[in-house]
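Here's what Swiss-Prot has on this protein:
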SIGNAL    1-22  signal peptide
DISULFID  C52-C66  disulfide bond
DISULFID  C59-C72  disulfide bond
DISULFID  C67-C76  disulfide bond
Amino acid sequence: MKLTCMMIVAVLFLTANTFVTADDSGNGMENLFPKAGHEMENLEASNRGKPCHEEGQLCDPFLQNCCLGWNCVFVCI
């Protein structure tokens with residue numbers, strides 16, 4: 001029973017990994033959640049009113065709440 005569960009989890013993980021890392025020549029992954037036009041034109045204004053975290057501070061990788069120019073991997077880098 002444990003082996004069956006492990007096999008199911010492994011297959012699900014590998015399937016999800018395949019979809020995430022698949023080459024998308026149309027850059028579809030980048031355009032899943034496009035920003036509004038005014039946010040793309042004025043990035044500083046789009047972050048106004050939202051708290052952001054500076055480099056080295058803890059952040060939420062799902063919310064991507066680092067200040068402009070920083071990427072979130074549990075810590076803004």
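Each position is counted from 1, following the chain as shown.
A Cβ is built for glycine as well, from the same backbone N, Cα and C atoms used for every other residue.
When each of the disulfide-bonded residues C66, C67, C72 is scored by how many other Cβ atoms sit within 10 Å of its Cβ, C67 comes out lowest. Over all protein chains present, the Cβ of C76 (disulfide bond) has 20 other Cβ atoms lying within 10 Å.
In the three-state DSSP assignment, the secondary structure recorded for C52 (disulfide bond) is coil.
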